[in-house]
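Pulled from TrEMBL, these are the features on record:
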ACT_SITE  ASP49  active site
ACT_SITE  CYS52  active site, nucleophile
SITE      GLU237  site 'Linear diubiquitin binding'
ACT_SITE  HIS262  active site
Amino acid sequence: YKLSVSPEMDIMEYCRKEWRGNTPAAKRMRKGYEAVAQKFASIRRIRGDNYCAFRATLFQALSQATQLPRWLQSEDFTVLPENLLSKYDWIKQWQLRQKPGKRMGEIRDEIKEYLILLRQKWKNISEIKGPLEKQEACDKLFKNEEEEYSLYEALKFLMLNTAIELYNADKSGKRVPVFSWLLFARDTSRNPCQLMQNHLNHIGHSGGLEQVEMFLLAYALQYTIQVYRLYKHSTDEFITLYPNDPEEDWPVVTLITEDDRHYNIPVRMCQETML
């Protein structure tokens, strides 16, 4: 059994263990970790199984949640699968985790269950006042494999919904963020249907999130995802924001990556940073 989110460990200790050599890459990584250590004291490793971007982002969002986001409070939230399936027949090809080839009604009901679970967990955790108790509740949730993967299925569906909204907005001449053009400029995702078939259906199975999909995840959650990209240390892209022009009222979660494929999380902000 693998832990989804490992216990915390001192950042520089972790770095020394992982990057011992004197290659240019190892030196750059050490410099990157030193920069992160100015702000955060510890790191928690995230289990790497093609869901790590979801896992790291959701864990960070829940562990600092103090209220239910507006979009989770909306009355239409749980009827999303119904609404989308009534308009877009191709969503029948949605691949439920480990359950390919489900019928339309089953897909609708199952995704609705996942969305309800996401709202319920977010609400419960955001109502916990004490930071220790909140952390324990998050740790417990991310040890329950069945629930954890159901939440990722909900996130994927929210990403699809956001992609459809952006695509339709662009087609009707409204302004959309630049990443939305990039998302639909790929040969494999010219429209939301292709995005679902060639990308979203494969997340967690044969691949993780690509850069442009990190933007989509940020928009779906209405969170700014700040990422320390260690291999980009001493360039403008060392700290990358998804989206790069975030809304001011979006909360921020912070992740660390060494290669844009696997993500870990920094924890325990250093005291002077907090002030």
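Yeah, the Cβs are placed from backbone N, Cα and C, and that goes for glycine too.
A separation of roughly 6 Å, to the nearest angstrom, links the Cα atoms of the residue listed as 'active site, nucleophile' and HIS262 (active site). Taking each of the recorded positions ASP49, GLU237 in turn and counting other Cβ atoms within 10 Å of its Cβ gives the largest count for ASP49. Between the CA atoms of HIS262 (active site) and GLU237 (site 'Linear diubiquitin binding') there is a gap of 17 Å, rounded to the nearest whole number. In this structure, the C-alpha atom of ASP49 (active site) lies 25 angstrom from that of GLU237 (site 'Linear diubiquitin binding'). Around the residue listed as 'active site, nucleophile', a 10 Å sphere centred on its CB holds 23 further CB atoms from the protein chains shown.
Cβ-based neighbour count (10 Å, all protein chains) for HIS262 (active site) stands at 18.
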